[in-house]
Amino acid sequence: MTDRRLIAFENSEISWPRSLRFILLLIFDIPSVVCSLFVLYHLLINRTSRHALHNHTIIILLTISLAFQLTDIPWYLDFIRRGSVWPQIPIRCLLWWLVDLGFYNTAALILAWSSIERHILVFHDQWISTRKKRFYVHYLPLIILILYSTIYYTVLIFFPPCHHKYIYVLPVCAASPCHLFHPILGLWEMGIHGCLSTIIIAAFSIALLVRVIVHKRRRNRVFQWKFYRKMIIQLLSISALYLLLNFPIMIFSVARLCGLPSDIGVEVQQITFFLTYWVMFLLPFVALSSLPGLRKKMDRIGFIKHRRQKTFTMAMKRIISTEESPLHWTYSP
């Protein structure tokens, strides 16, 4: 996920009416929070799901998504309601940048690693056959990525090598921490956290799909499709959501580096940047749809409620029909 804001947007805002943005963000944020809590509860309360290696990245992504939904979106709604950022102090902008930029790009790094790790889980399970191997191959990369991202964004946002500019009349204080415009740090942000993450997710997701198809067609090799299907569909679904909403941003970023004037395509870029909020909104629902056991559980809950409602309705009909029966009439003089 890229830095989501470039210098062309430092003093601009999407042309969509603020009232429309308020409605869109609100109607998607509430069900997304509920779905995030539901899926996280299911993954964490169930011992099998909690210990499954392929669910660990999903749990991290959902946790980041939930934190984003509970902070960034309410702050954006409050901005629209007030017409400006409040309170108008630097720490407010710094915290918003940390969530909007740091959380978002941390999720990108985790998803990029997950795209690589799925190949290990599906085709090289001997690499994680012991506790020691699982630590070095599975847990250590996640720990390193989270620590790196936390330190990187904390230092560059709260202790920058340059001077921040706070614009309180634009969403996310213009989302322009000064390191984005640094000749080296800005290139690192866009190139590594943005373009490279997107390329890794796309390349390794497509490669995973191709490898699965090839292995299934080789009759002389046994491939446990039913066993691996859940983790494969899980990754491909989330990757497709990310690429759909972020690939246009990468194209614009590369075009800017190649000399595209900053005043061309500004409105289109503003729209694509705003739509990236839907990565966080839809992530819980994509995760929900890729967990067959959870879907069956929800279906059972719905079936039980339907049966209870049907039983209650039939009971009420019997009571009404009994009261209307002539055998239950009473004589009133």
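Here the Cβ of each residue, glycine as well, is placed from N, Cα and C on the backbone.
Automatic prediction, not curation, is the source of TrEMBL annotations.
Non-local neighbours of the transmembrane segment (20-44) in the same chain are 14, 50, 55, 58-59, 62-63, 65-66, 69-70, 73-74, 76-77, 80-81, 274, 277-278, 280-285, 287-288, 291, 294, 297; each lies 6+ residues outside the stretch with a CB under 8 Å from one of its CB atoms. The transmembrane segment feature in TrEMBL is assigned to 20-44 (among others).
Distant neighbours of the transmembrane segment (56-77): 21-22, 25-26, 29, 32-33, 36-37, 39-40, 43-44, 50, 96, 99-100, 103-104, 106-107, 110-111, 113-114, 117, 138, 142, 146, 171-172, 234, 238, 277, 280-281, 283-284, 287; these residues of the same chain sit at least 6 beyond its ends, with a Cβ under 8 Å from one of its Cβ atoms. Residues or ranges marked as transmembrane segment by TrEMBL: 56-77 (among others).
Long-range Cβ contacts of the transmembrane segment (89-116) within its own chain (Cβ-Cβ under 8 Å, at least 6 residues beyond either end) map to 1-5, 57, 60-61, 64-65, 67-68, 71-72, 75, 141-142, 145-146, 148-150, 153-154, 157-158, 164, 166, 168, 172-173, 175, 177, 189, 193-194, 196-198, 200-201, 203-205, 208, 235, 238-239, 242, 246, 276, 279-280. The transmembrane segment annotation in TrEMBL covers 89-116 (among others).
TrEMBL lists 136-159 (among others) with the feature transmembrane segment.
Residues or ranges marked as transmembrane segment in TrEMBL: 191-214 (among others). Outside the transmembrane segment (191-214) by six or more residues, the chain places 1-3, 105, 108-109, 111-112, 115-116, 118-119, 122-123, 223, 225, 228, 232, 235-236, 239-240, 242-243, 246-247, 249-250, 253-254 with a CB less than 8 A from a CB of the stretch.
As annotated by TrEMBL, transmembrane segment applies to 235-255 (among others).
Annotated transmembrane segment per TrEMBL: 275-294 (among others), in sequence order.
Packing against the transmembrane segment (235-255) from elsewhere in the chain are residues 1-2, 4, 6, 54, 58, 61, 108, 111, 114-115, 118, 190, 194-195, 198, 201-202, 205, 208-209, 265, 268-269, 272-273, 275-276, 278-279, 282-283, 286-287, 289-290: each is 6 or more residues past its ends and has a CB under 8 Å from a CB in it. When Cβ-Cβ distances below 8 Å are used as the criterion, the transmembrane segment (136-159) is approached by residues 53, 56-57, 60, 94, 97-98, 101-102, 105-106, 109-110, 113, 117, 120, 127-128, 177, 179, 185 of the same chain, each at least six residues removed from its ends.
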